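Here's the structure, in structure tokens; my notes come after.
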Amino acid sequence: MDGSSEKTTNKLVSILPNYRIGKTLGHGSFAKVKLALHVATGHKVAIKILNRSKIKNMGIEIKVQREIKILRFLMHPHIIRQYEVIETPNDIYVVMEYVKSGELFDYIVEKGKLQEDEARHLFQQIISGVEYCHRNMIVHRDLKPENVLLDSQCNIKIVDFGLSNVMHDGHFLKTSCGSPNYAAPEVISGKPYGPDVDIWSCGVILYALLCGTLPFDDENIPNVFEKIKRGMYTLPNHLSHFARDLIPRMLMVDPTMRISITEIRQHPWFNNHLPLYLSIPPLDTIDQAKKIEEEIIQNVVNIGFDRNHVVDSLANRIQNEATVAYHLILDNRNQNSVPNDPFQSKFKEISDGIFNSTLPVQNITSHVGHSFSALYGLKSNVKDDKTWTLGLQSQGSPYDIMTEIFKALQNLKICWKKIGLYNIKCRWVRSFAYYKNHTIEDECAIILPTVIKFEIQLYKVREGKYLLDILRIDGPQFIFFDLCVAFLRELGVL
């Protein structure tokens, strides 16, 4: 080992004492990825080392920070896992799940077109991951085989959330980004767009899986754009009847006519041989964070951590050595428990009572008898309803709805200011005996001086039907979600 290499190794050891650094897995213009072993658990991880000065010079600071923030929020078996982020003045160290195999792109290049059963297996996992993102109001915006990895068991891991963005209900994205061959018509046309762009990209990926080629391809990029905007492509004769039905519905130029994820889940081609764990949507992120497994806690205690410290850290979503160990042990157990059906054991136990996006949205009655639909990031099954809604729908009168809202805010000690006829700004300080009185588990919170600011707007969707929208303005996102849960309970929705 020369002097420079020894110096680099010593630097990594001092910054990352909990990891044994191994070989370089890859490198790029502003980062390199190292294989490492988490010493306490013995599990392998990948550590992405990002150079701050190079990131700044390339003008991608926002992209990098966006990906870090989004991946911290996501927990899904088919989305790459981020365990911790360690920052120094010169570098950012992102500890991530280690995926052994490679890109889906290379797999397609090597094998050519796949048999429909194999393509379906991969596509089902991709849709599950994308659905989870959309449920959490995240649009990937750059889905392509290069951004989909395969693990050692040929299971999907969606990566590269640098171009992703967080959607707010009632708002559309306008930034034109993503890879030309996979970009939706509304993106390349510069029109406002929503999560339907990911459906289009998934359609292109499905075409590539089944055909071994891209539907929209040309040496000349303007020609590619023209084909995309006109929806010009050819379906090979070898495709089955149901595959020939599904692909055109995903590659619909008009996004309002494009098939939704709910409809994809109901499609005969998708449903064929659908694994149990994929037939049940995973817990929402807020519920996942609250779910603490005793068996894993004990494993973490066995390697030297204090039990109360582990539980408190998990309950308050604190990143530290204990929580990193917990999630590494949990994820590796889930991946290895059922080799041919990853995470089945985890999802099987929550199958009863879970809100399934493939089922009709259930009506729930509030205290005053108004009927609300819990639409947390899910599309309705109503055929003519093509909007992406986050909120509560009601058929009550606006006056009655606002009266119930004011009662709920008062009970939760939330201050508000009226800024429009059916529009209010709210402010809540976490300093009251909130968790104890409003059924959120006591262990999930330590009272801290946290301020949450949000806006409530009542929209008229159609005659006699109204949508209540809640938009976070400022404050920690997870705590805001907790507050929303308490608010919904006050309204009688949960």
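The backbone N, Cα and C atoms fix where each Cβ goes, glycine too.
When pLDDT values are averaged over the domain 'Protein kinase' (19-270), the model yields 87. According to Swiss-Prot, the domain 'Protein kinase' annotation covers 19-270, on the basis of sequence analysis.
For HIS27 (ATP binding site), the same-chain residues 6+ apart in sequence whose C-beta sits under 8 angstroms from its C-beta are VAL33. In the three-state DSSP scheme, HIS27 (ATP binding site) is classed as strand. As annotated by Swiss-Prot, ATP binding site applies to LEU25, GLY26, HIS27, GLY28, SER29, PHE30, ALA31, LYS32, VAL33, LYS48, with the evidence given as sequence analysis.
The active site, proton acceptor annotation in Swiss-Prot covers ASP142, and the record cites sequence analysis as its basis.
Residues annotated as phosphothreonine in Swiss-Prot, with similarity to another entry given as evidence: THR175.
Annotation comment: Swiss-Prot describes 289-386 as region 'Auto-inhibitory domain (AID)', evidence class similarity to another entry.
For 291-331, the entry in Swiss-Prot reads domain 'UBA'.
Positions annotated as region 'Regulatory domain (RD)' by Swiss-Prot, on the basis of similarity to another entry: 293-494.
According to Swiss-Prot, the region 'PPI' annotation covers 387-494, on the basis of similarity to another entry.
Summarised by DSSP class, the composition of the domain 'UBA' (291-331) is 29 helix, 0 strand, 12 coil. Taking the centroid of the Cβ atoms of LEU25, GLY26, HIS27, GLY28, SER29, PHE30, ALA31, LYS32, VAL33, LYS48 as the ATP site, the other same-chain residues with Cβ within 8 Å of it are ILE49.
The binding residues for ATP are recorded as LEU25, GLY26, HIS27, GLY28, SER29, PHE30, ALA31, LYS32, VAL33, LYS48; their greatest pairwise CA distance is 14 Å. Counting only the Cα atoms, the space from ALA31 (ATP binding site) to ASP142 (active site, proton acceptor) is about 20 angstrom. Reduced to three states, the DSSP call for VAL33 (ATP binding site) is strand.
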